[in-house]
Amino acid sequence: MENKLIVSLSPHVHSGDSIQRNMYGVLIALIPALLVSFFVFGLGAIIVTLTSVAACLFFEWAITKYILKRDGNTLWDGSAAITGILLAFNLPSNLPVWIVIIGALVAIGIGKMTFGGLGCNPFNPALIGRVFLLISFPVQMTSWPQAGQWGAYLDAETGATPLALMKQAIKSGDPSVLNDLPSSLLLLIGFPENCQAGAGCLGEICALALLLGLAYMLWKKIISWHIPISILATVFVFSGLMHLANPVYASPVQHLLTGGLMLGAIFMATDYVTSPMSHKGMLVYGVCIGFLTVVIRTFGAYPEGMSFAILIMNAFTPLINTYCKPKRYGEVAKK
Amino acid sequence: MKTFRIGGVHPAANKLSAGKAIEPLALPRQAVFPLSQHIGAPATPLVKKGDTVKVGTRIAEAGGFVSAPIFSSVSGKVNKIDSVIDASGYRKPAIYIDVEGDEWEPDIDRSTTLLKTCDLSPEEIVSRIKEAGIVGMGGACFPTHVKLSPPAGCKATCVIINGVECEPYLTADHRLMLEKPDEILVGICILMKAAKVNRAYIAIENNKPDAIRLLSEKAKAYAGIEVIPLQVKYPQGGEKQLIDAVIRRQVPAPPALPIHVGAIVQNVGTVFAIYEAVQKHKPLFERIVTVTGKSLKTPSNFLTRLGTPMSQLIEAAGGMPEDTGKVIGGGPMMGKALMSTDIPICKGSSGVLLMNEHEARRATPQPCIRCAKCVSVCPMGLEPYLLATCSAHGDWDRVEHEQIMSCIECGSCQFTCPSHRPILDNIRLGKGKVGAIIRARNTKK
């Protein structure tokens, strides 16, 4: 044959979408929250974030090359960098470098590469890393630096987080404790300086920056609205009912704006690999996460329940995929 | 504005030849007619080597009810009855005719006068359509008379005319609507009469505003015909998607047919062929073919005699570009990549698309990141990632249970996959296997 025509099956065109485009899209969406965390926690935030990202990239590269012995390297597909940033977002800014590196090793090594790398992990790697650190280093992982200490790292002054106050209110049965919470506006824009309960981990300090990221990801069609909106709506409704029943429980707006809720709902629960495939499944997943989060926050031993709720629902994702099928053509009711 | 309700994608339109009027293509030196140009039994030859034929002479007879006769598009002598590699890539029996002059069968009306009145009964119309060898000209090539003979107990309520042309690049139907609107409208009236309905919808995507305007204006003179502009979304030209978009009904899972929700869908090209067959006694032997591609000199729309080799169309459009990497029969989403340009134009050939070396290559597949984009774009509401994985693992029971046979092979999943995975390749594998299993089970019963 003199011609060299390529013969392949249809479709012969592609949308141009790629793993990189989606992963870098998420990284872009993380930029506002990243900038705010640098601004609020200063030096410590920069050290923790850089360590976490560099360690995640290193472990991804080293494990692919020396343990899995694969030719292609997934270093630059963006997924390890996202894990690094999300892990850092879940840590206090005064965490020593060596603990951050252990977290990154657990996140990438155990959370992701043990299962075969990108696309194969059942649980969100960044959350595996965070929960591992939380259980192994409970003291370091629960002393939160106060916002607004520019040059501080290991010596940063720590304070109470809004969620700790909310827990205290429930334990003491005294709703007036909640008056010490920063105002909702401050929680939204993320500069709770000079407040009693203005501490927190890197990424959860400014709800507005996280919402900007959500808007960007929805606009670029990187994620669909189903998971974040169902989580936020469930938390709002469920905590609202509790608040109405007994004012010792914090108001729904305070629940929405504090802790890792926005971070989890927007960036952690929406992780492609570990969330359900159909829209119906995504709604079930989101509602369950929202419900579990409020339950853990109000009745559990830990002040924050987001990480546990997401990890629990990650485990249910295969089950959700089995039972929540997309609406098939031909099953729509006649109008 | 209306559109179908489940899934869909937006490939770049690239309608390069939309502004180019239809030109008749010169006669080929030799015309080749494969005997299977339609879904169903192959036609049986009526001529033998050395026979003289005219334009419009019947050269092969329908091989069954679901089949269609074939007519010569040229005058000349039968050279041989042999085989040819057609767009499917398989060798199929075919009739070769050497062209001499251009002598037409005398009863074909070659004038351009519009004949509006049709006094035939519905049965007579269906029989004329059957005898003219008309098949669905959008690409599926389903014999038209079969669609017009509904099974007992089913009754059509409307006909839907498919002027969507959702495949990128192709403009054959668009040009036809612009240049032959009166003939199409008379054809629709005939079709409505044959189907015994009094409603017809002409569905056109709103990236063809000129066609929507022209046909809406002209349709005012005809009772019961309405133009429905649709949002641009692929695969709106799929029969099931179009029915959902236009009349908001969904055809139940196979073996149910569109007629079960009261709809008969016909392509505009088919409607034009019906007009010519019924009013002008002209059987189906020529069609409009778009020849297009980014590197091609003059992307064009040609009125082409069936049996013409594709190479001749490419020559007429400025010749094969140096950088050609792939030649596609049809559009880029569902067309077939061809192994040679000697393949003849058949009844279902809507276009010839040349892709350059760069466009023709697929990217390397990456691991599935379970982003669920394939699930949200599937117009049949299936889970392409699951069907592809289970097919690759040979789990035929599972894929059958997950309704693999409902897949219309539109390619939206593979088009959208960020990991460039060969999703549809694997689903086709599974469909083939499951189809064979179902057939074996049915014969055992």
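Glycine residues also receive a Cβ, built from the backbone N, Cα and C atoms like all the rest.
TrEMBL names B:CYS407, B:CYS410, B:CYS413 for binding [4Fe-4S] cluster 2. Of B:CYS378, B:CYS390, the residue it gives for the same site is B:CYS378. Listed by TrEMBL as binding [4Fe-4S] cluster 1 are B:CYS368, B:CYS371, B:CYS374; the candidate from B:CYS189, B:CYS417 that the record includes in that site is B:CYS417. A Cβ distance under 8 Å defines the sequence-distant neighbours of the domain '4Fe-4S ferredoxin-type' (B:359-381), meaning residues of its chain 6+ beyond its ends; these are 4, 6-9, 235, 238, 240-241, 294, 325-326, 389, 403, 406-408, 410, 412-423.
The Cβ neighbour count for B:CYS410 ([4Fe-4S] cluster 2 binding site), using a 10 Å radius over every protein chain in view, is 26. Per DSSP, the domain '4Fe-4S ferredoxin-type' (B:397-427) is made up of 18 helix, 0 strand, 13 coil. For the [4Fe-4S] cluster 1 site, the Cβ centre of B:CYS368, B:CYS371, B:CYS374, B:CYS417 serves as reference, and the other residues of the chain with Cβ at most 8 Å from it are B:ILE369, B:ARG370, B:ALA372, B:LYS373, B:PRO384, B:TYR385, B:CYS413, B:THR416, B:PRO418, B:SER419, B:ARG421, B:ILE423.
In the structure as shown, the Cβ atom of B:CYS374 ([4Fe-4S] cluster 1 binding site) sits within 10 Å of 29 other Cβ atoms. Distances between the Cα of B:CYS407 ([4Fe-4S] cluster 2 binding site) and those of the binding-site residues B:CYS368, B:CYS371, B:CYS374, B:CYS417 are shortest for B:CYS374.
If you take the Cα of B:CYS371 ([4Fe-4S] cluster 1 binding site) and the Cα of B:CYS378 ([4Fe-4S] cluster 2 binding site), they are about 14 angstrom apart, rounded to a whole number. Distance from the CA of B:CYS413 ([4Fe-4S] cluster 2 binding site) to the CA of B:CYS374 ([4Fe-4S] cluster 1 binding site) is 4 Å. Taking the mean position of the Cβ atoms of B:CYS378, B:CYS407, B:CYS410, B:CYS413 as the [4Fe-4S] cluster 2 site, the remaining same-chain residues with a Cβ inside 8 Å of that point are B:GLY7, B:CYS374, B:VAL377, B:PRO379, B:MET380, B:LEU382, B:PRO384, B:ILE408, B:GLU409, B:GLY411, B:SER412, B:LEU424, B:ILE427.
Residues belonging to the domain '4Fe-4S ferredoxin-type' (B:359-381) score a mean pLDDT of 92 in the model.
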